[in-house]
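Below you'll find the structure, written out as structure tokens, and then a few comments.
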Amino acid sequence: MDDSENNAPSTPGSPGFSTDRLPPNTTTSRGATDPSSYSDDDDDDVVGAEEAEVDPNVLPEDDGVVAAEEEEDGEDLFNDNYLDDYRRMDEQDQYESVGLDDSIEDERNLDEIMADRRAAEAELDARDVRTGAAPDRKLPRMLHDQDTDEDMSFRRPKRHRANFRPPREPRTPRSDDDGDGATPSSPGRSQRGMYSGGDVPMTDQTDDDPYEDEFDEEDEMNMYRVQGTLREWVTRDEVRRFIAKKFKEFLLTYVNPKNEQGEFEYVRLINEMVLANKCSLEIDYKQFIYIHPNIAIWLADAPQSVLEVMEEVAKNVVFDLHKNYRNIHQKIYVRITNLPVYDQIRNIRQIHLNTMIRIGGVVTRRSGVFPQLQQVKFDCSKCGTVLGPFFQNSYTEVKVGSCPECQSKGPFTINVEQTIYRNYQKLTLQESPGIVPAGRLPRYKEVILLNDLIDCARPGEEIEVTGIYTNNFDLSLNTKNGFPVFATVVEANYVAKKQDLFSAYKLTDEDKAEIEKLAKDPRIGERIVKSIAPSIYGHEDIKTAIALAMFGGQEKNVKGKHRLRGDINVLLLGDPGTAKSQFLKYVEKTGHRAVYTTGKGASAVGLTAAVHKDPVTREWTLEGGALVLADRGICLIDEFDKMNDQDRVSIHEAMEQQSISISKAGIVTSLQARCSVIAAANPIGGRYDSSKTFTQNVELTDPIISRFDVLCVVKDIVDPFTDEMLARFVVDSHARSQPKGANLEDRVPTDVEDDPLAAARQADPDILSQDMLKKYITYAKLNVFPKIHDADLDKISHVYAELRRESSHGQGVPIAVRHIESIIRMSEAHARMHLRSYVSQEDVDMAIRVLLDSFISTQKFGVQKALQKNFRKYMTYKKDYNELLLLLLRTLVKDVLHFEEIVSGPTTRLTHIEVKVEDLKNKAQEYEIYDLRPFFSSAHFRDNNFVLDEGRGIIRHPLAA
């Protein structure tokens, strides 16, 4: 070690102290002995004050050193005795006259005076070196006052700011200090309290950051005092540095309060973004405004300048945490989500110009992808000099004035090889049909998509756009209106599909835990069926079929060549007024990507695909219909029987192969239509005739009927008992749905004690909410993929053989090989409903029961009784015995009522009906039910107003007056 290193002072406050006074075995800190710690940038900074440490046991107390340290700390002028300095002292308040002669003149010339001054300065400098005190007499500091507030835009040099930093507290030595005197930080945080990203210390990150700066508390308060307009304020250099500093701290230190692990939220999101090989970082506006409310308001009111700074900071942070990611993406885009203010398209005005807005609507048209200039270079045609690069954005237009080499004013041509382009696409966003006021036309707005937002939405999808509402010059509008008019567009920053609100990454951990808890309920299948359209009374077979269709089976792709559909198609056929359309409307609100259409309002191209000429590019473009828009969802077709035969034939391919082939206008392609079809139709003549076959009751051909997995026939049968229950259910439903302020007691007088049906009309706790049902279906379709075993296939084959034999005698719907696939699909759907990864015997039995119900309901009335008797063991599976006995009891009541009307005449008023218990026992034995006592004590028996008279052996049921 040379002398210069030995003589280096360890602390600025200990004059004359050097390391040669220490014993040979004493270890000094890096700040005292390492010459690298004294760089040119830090020569004015007090770098060793908090790092050098001296063992108090090695050196004795030195009064001179202690006095020097106290002298450096300074004297407290405002102590208790500071007024003593101003007391009157006559003996000292006089000037000495000795040695003072006003007549003496300095005869030195200017050179001698300057020489003496330089000698005095040299002596003072030498004294400062001996005492170890910094001279700190630099001319630039004399030219301005550090406390002035006249020009807050002046940025002090970093070395100058270091001289005025507040003194740091002395660091207490710790046993876990490393060898160079640095204190190990907590995991995931740097010494400044920020995440260091593994091998990259924050000191290395900030040295190369052009936006890195330090602001004291007063500087930060001044940054929030906007001077002038906000758009001009955020373009100032010191404000941009301040925004960058705060946003960097937010990215590296924000912890989500909902995160129990306490990890840094956006460091985790950055890592997930890198794993997904994406270049967009989503920033939650609500989280950002909670930490930095002023900057968040600046972001909403002046988004162009603020986003530019935020994207630059995000790029530096990502590339610091992941060094090699700059080789994959050259830029990181900041996407703002959860903007709290939502505006309608028709409410956008001039006040929203150049601000960030959030709007929603339906995409009606999407242009192609075009290249847009981003970084352009020009060639001078006269001298060949390459000019540039010039950065082009949506707000400025690059124009070259003259060539710096030959001073010519052109012409200039674009250098194609060195010019960089970016992707550009335009969407037309139209108001959603449900929010357009009556009698008004829907309004639309152009949306610009750039970079990785290309093709994020397609025509027909409902989306929400967060972006900058800006304007551009449109020559056609000026020509049309005759005065300057600017076209307004929305430059998209973030696009979210409304169908994705219940997608996988939107489900929280609490939602997943609740869904898995529901799946453990052995009655979850019954609860889901009850939750399908709970406002519709009865129709358990239709609700079961719709539930299976919403969950769907497992799609199979045989070696990538032949695909077997996993979606389940359902046809509802019945009399008018049996809630067929209401079932479709409920599925539209509950199902994922449900598209609703009608047979009369939809043509062949409206259901499949259409080819039309784009009005802007004059090119033929392909636009998908309802089946294409419902890909991976459900297509709902009402009034299916009203469609033309040509239109109905066009969906044959879509229902079985789940694709649509197009060969029009030079476009030969195939579109995906992987969706379930749930259709509703009315029979011929308006009423279903049970004496005729299914094909005779509906105007549908066998090819289209065989493509439906489940056929549900709904008949409006006159049944006094059922009609009374239905009427009570409807009236009670209307009573509960009265608007606020209505007096329900005046409208529907009910008394729980007098009315035994009051309890049954209360809300069923087994019914799931619509939102929970949405989440449950989404979770099941994305995470559960059930498989079927070979043992289950034998039972399916046996049932198929029996059905083929029975269908040959009847005149109903013929049984084909497609029905085997239907049983397999429904088995998989039932297993998915219970979140099982395999198909059990229970799932196969349920699928067989649903198919048999569908098959028998399409037969003639006379054939149905025989089929029900033959397939009784399958049809009674998992049916509640109490419900079955209640159905048998209702049948007996109806038979007795019909007999009494024949004997006594239709004008006879009956107050009650009596049914023998022995008759009910005989009916129950046909279904292998021998004990009726549980039924007599059940809620089904009691709530349906039945009374048991054991002494007489009869069951009494009162009739409505």
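Heads up, the Cβ atoms here are built off N, Cα and C, so glycines get one too.
Annotation comment: Swiss-Prot describes 1-17 as compositional bias 'Polar residues'.
For 1-81 (among others), the entry in Swiss-Prot reads region 'Disordered'.
Summarising the annotation, Swiss-Prot assigns compositional bias 'Acidic residues' to 39-78 (among others).
The feature compositional bias 'Basic and acidic residues' is assigned by Swiss-Prot to 120-146 (among others).
The annotation region 'Disordered' is assigned in Swiss-Prot to 120-220 (among others).
The compositional bias 'Basic and acidic residues' annotation in Swiss-Prot covers 166-176 (among others).
The compositional bias 'Acidic residues' annotation in Swiss-Prot covers 205-220 (among others).
Residue counts for the zinc finger (380-406) under DSSP, helix first, then strand, then coil, are 0 helix, 7 strand, 20 coil. Annotation comment: Swiss-Prot describes 380-406 as zinc finger, evidence class sequence analysis.
Here Swiss-Prot flags 524-730 as domain 'MCM'.
Taken from Swiss-Prot, the feature ATP binding site applies to GLY574, ASP575, PRO576, GLY577, THR578, ALA579, LYS580, SER581. Within the same chain, residues at least 6 positions away in sequence whose Cβ sits under 8 Å from that of GLY577 (ATP binding site) are ASP716.
Positions annotated as motif 'Arginine finger' by Swiss-Prot: 706-709. Taking DSSP states H, G and I as helix and E and B as strand, the motif 'Arginine finger' (706-709) has 1 helix, 0 strand, 3 coil.
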### Task
Could you list the residues of the same chain, at least six apart in sequence, whose Cβ is under 8 A from the Cβ of SER581 (ATP binding site)?
ASP638, ALA680
#### Entry: GLY574 (ATP binding site): secondary structure state under DSSP, collapsed to three categories
strand
### Query
Which residues, in sequence order, are found in the same chain with Cβ within 8 Å of the centroid defined by the Cβ atoms of GLY574, ASP575, PRO576, GLY577, THR578, ALA579, LYS580, SER581 at the ATP site, excluding those residues themselves?
ALA680, ASN682, VAL714, ASP716
### Surrounding residues of the motif 'Arginine finger' (706-709) on its own chain - C-beta under 8 Å, 6+ positions past either end
568-571, 652, 655-656, 677, 679, 813-814, 816, 818-819, 822, 825-826, 851
### Task
Could you tell me which of these binding-site residues, GLY574, PRO576, has the greatest number of Cβ atoms within 10 Å of its own Cβ?
GLY574
## Note on the structure
Ordered by sequence, the long-range same-chain Cβ contacts of ALA579 (ATP binding site) under 8 Å (at least 6 apart) are ALA533, ILE536, HIS539
### Summary
ASP575 (ATP binding site), Cβ-centred 10 Å count of other Cβ atoms over all protein chains shown, is 16
## Note on the structure
One finds that other Cβ atoms within 10 Å of the Cβ of LYS580 (ATP binding site) number exactly 23
### Summary
In this predicted model, the motif 'Arginine finger' (706-709) has a mean pLDDT of 86
